[in-house]
Amino acid sequence: MSTQKKSRIHRINHTSSTPVRVATGGMLATLVVGGAVAVNAQKNLILNVNGETSHVSAMSGDVKSILASHDVDLKDGDFVSPAANSSVKDKQEITVRTARPVTLTVDGVQKTIQSTALTVKDFLNQVGTINPDDYVSAQGSTKIPESGMKLEVVPLKDITLDDGGQLGDMKVPAVTVKDFLDRRGIKLGADDKVTPELGKKLVSGDKITIERNKTEDQTVKEAVEPTVRYVDDPNSPKGSETVVEPGKAGEREVTYTVKSRNGQEVQRWEKASKILSEATEKVISRGTKAAVASTKSSSASAPAVAGGSVWDSIAQCESGGKWNTSTGNGFSGGLQFTDQTWQAFGGGAYAPTAAGATREQQIAVANKVQAAQGWGAWPACTSKLGIR
């Protein structure tokens with residue numbers, strides 16, 4: 001401090017002038033009182049803006065002016081407590097929540113909501129009508145930025161699914177049929193059909209049906225039956241047949257195009273084939289000689305037998321019901337007698353072999369064989385028919 005300034009203060013302090021001293025004292029009193037008022041007007045506050053707190057000091061004023069002095073500007077829709085026009089007390093907390101736009105889509109319906117919620121969970125609590133099992137596109141703890149965000153909510157729905165005949169009930173948060181299939185990871189083939197259509201909006205209780213259609217090629221090996229050639233044999237009774245050459249089946253490889261629906265074949269057609277081995281011809285001799293009844297047999301007769309008898313059933317099994325057949329393997333007639341058995345039980349009274357006798361004559365001989373040997377004389381067919 002300069003000597004000149006010191007001397008001025010010294011002169012004021014040591015002057016004997018009463019006006020000067022009064023003026024000086026008044027000025028000092030004003031400074032002291034003003035300082036005390038300023039100290040009393042200043043307040044320590046807690047400022048909580050969107051969840052972030054800070055300790056600030058402010059002179060008297062309403063909440064809005066205090067916030068403005070700390071660069072917090074209020075907009076329509078913002079939440080502030082206490083009210084913006086309120087005064088504050090020392091150590092009071094001022095809470096501000098900035099309104100932010102949330103584009104909310106619920107089950108495909110979209111709307112924008114101005115919200116002061118800080119997190120997705122808080123926002124959903126504000127909105128309400130959201131069930132815990134509903135699908136939400138963001139975690140509850142996700143913070144909502146001041147610029148806003150998009151949020152999707154899809155309610156859980158009870159859906160019945162028929163997938164290729166396999167039924168199932170399930171709860172899935174899905175808006176449309178396509179959304180349901182995507183959320184379940186269900187893939188569709190090129191020819192599959194879905195009912196209702198993929199864009200159909202779902203409600204609880206809906207049923208989705210998938211018809212699984214498939215077209216594929218199948219390659220298999222098949223037997224090729226031999227062709228049959230008949231030759232006439234004038235020395236064998238008319239109607240008799242004898243296998244001269246059994247022939248042999250061949251083999252071919254065939255490719256079929258097969259269509260199936262829900263796992264069941266509905267159509268097939270041959271696409272390609274090739275012969276792997278040729279079949280050899282089967283030769284059958286057919287008798288052409290007219291039966292000549294012997295003097296002995298011309299007078300022999302057999303009792304009539306009604307159709308549909310047990311012997312007709314056995315003949316059907318043994319020879320396909322052909323009473324005059326002769327296979328050339330040692331058996332003949334509808335009941336397949338050997339020549340030895342036929343003669344031994346009196347068949348020679350009717351014809352040299354069973355193939356030359358009538359149905360009634362063969363049954364007459366069969367009754368004798370059955371009486372002597374039982375049904376075991378025709379073991380396979382009587383067992384198959386349940387006769388024994």
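The backbone N, Cα and C atoms fix where each Cβ goes, glycine too.
What TrEMBL says about a protein is an automatic prediction, not a curated fact.
Fair warning: this is a prediction, and the values are worked out from it, not measured in the lab.
What TrEMBL lists as domain 'G5' is 210-290. Per-residue confidence over the domain 'G5' (210-290) averages 93 (mean pLDDT, predicted model).
As annotated by TrEMBL, region 'Disordered' applies to 230-251.
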Secondary structure content, the domain 'G5' (210-290) (per DSSP, counts of residues): 0 helix, 65 strand, 16 coil
